[in-house]
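Novice: I am attaching a structure below and will ask some questions about it afterwards.
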Amino acid sequence: MGLLAYLKTQFELHLLIGFVFVVSGLVINFIQLCTLVLWPLNKQLYRRLNCRLAYSLWSQLVMLLEWWSCTQCTLFADQATMDRLGKEHAIIILNHNFEIDFLCGWTMCERFGVLGSSKVLAKRELLCVPLIGWTWYFLEIVFCKRKWEEDRDTVIAGLRCLADYPEYMWFLLYCEGTRFTEKKHRVSMEVAASKGLPPLKHHLLPRTKGFTTAVQCLRGTVAAIYDVTLNFRGNKNPSLLGILYGKKYEADMCLRRFPLEEIPQDEKEAAQWLHKLYQEKDALQETYNQKGVFPGEPFRPARRPWTLLNFLFWATVLLSPLFRFVLGVFASGSPLLILTFLGFVGAASFGVRRLIGVTEIEKGSSYGNQEFKKKE
């Protein structure tokens, strides 16, 4: 193991990275709070500023993937599709099988210049999570309770507000609604059978309401739907902790573009289109498992330096006073002050670990288990 690889495994460095992310995030959230005064005066300026503030936070996570772990992301697509990326509003459909699938999606957003303006349909519980939920709130992210009867009006209103968004926007949709587990897959396929739908081997049955509503509300704004099917070479199952420890992965993403005009306007027909799309995604996953490659021409968009430079900026601003403070604490010789500081370090490490835990599959949402519980 080389020196750099060894350093990447050290808890002290992880704690410093977490410190930079958390403190810079709180500073960014405070600045976002101050920008609220701009909303009634100049809504588009507010949005442009918050896109860049969100970029300053999210790009730190992308930096871990691109520069810390040096994970390689390869797109399989055609040249015409590649030429349009980042140059139009789009809905991005992703599979939800891995702990870091969101990070791979953000990496592609970053490389095509839309990381700060990327949107998601997020569960309402995340609104209470510091940094993540708070940043999304200022970005006009649509939050939902995952009960369509209660969510319908909120989701429609939130999506319609994005119709005049000034930056190129990617709306990231995980149509399965929750991450893939064997238990959820078993229940999902029982539901599929009851509805007369073909079984899926590698995906859960897609939830169509969010998709059809997004298409209806963003029609006229969004130019296309991009379907992304993600897999990792070597049958790897990466985690955010693995990324933090500097493990390198190779992510392959099959990318297909569908002009929005091809999506039926009728809700039932649009839902059928989505089910057909997931049958195709399942076939793509099966092909990848057998051949180790997706169809299409491979592209490796170059990583940009901005994520690294942004992190170095925050590290310089925040770590210098931290080091001076720590030296002052230990130089004081006060047992109470030293113990208080060590207690703070312990609490900070616990907080960072809890934030990482949000991404872990085994600690993910129970959404999708309702039918299972009924059968129990």
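Quick reminder: no glycine exception, Cβ is built from N, Cα and C everywhere.
The transmembrane segment annotation in TrEMBL covers 15-39, 308-330, 336-356. Annotation source TrEMBL lists domain 'Phospholipid/glycerol acyltransferase' at 90-212.
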Novice: Going along the chain, which residues at least six beyond the ends of the transmembrane segment (308-330) come within the CB cut-off of under 8 Å?
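Specialist: Residues 16, 19-20, 23-24, 55-56, 59-60, 63, 66-67, 337-338, 341.
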Novice: I'd like to know the mean pLDDT over the domain 'Phospholipid/glycerol acyltransferase' (90-212).
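Specialist: In the predicted model, the domain 'Phospholipid/glycerol acyltransferase' (90-212) has a mean pLDDT of 89.
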Novice: Reported in the order helix, strand, coil, what are the DSSP residue counts of the domain 'Phospholipid/glycerol acyltransferase' (90-212)?
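Specialist: Residue counts for the domain 'Phospholipid/glycerol acyltransferase' (90-212) by secondary structure: 58 helix, 17 strand, 48 coil.
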Novice: When you scan the chain for residues with a C-beta under 8 Å from the transmembrane segment (15-39), skipping those not six or more beyond its ends, what do you find?
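Specialist: Same-chain contacts beyond the flanks: 45-46, 49-50, 53-54, 56-57, 60-61, 64, 130-131, 134-135, 138, 244, 311, 314-315, 317-319, 322, 345, 348-349, 351-352, 355.
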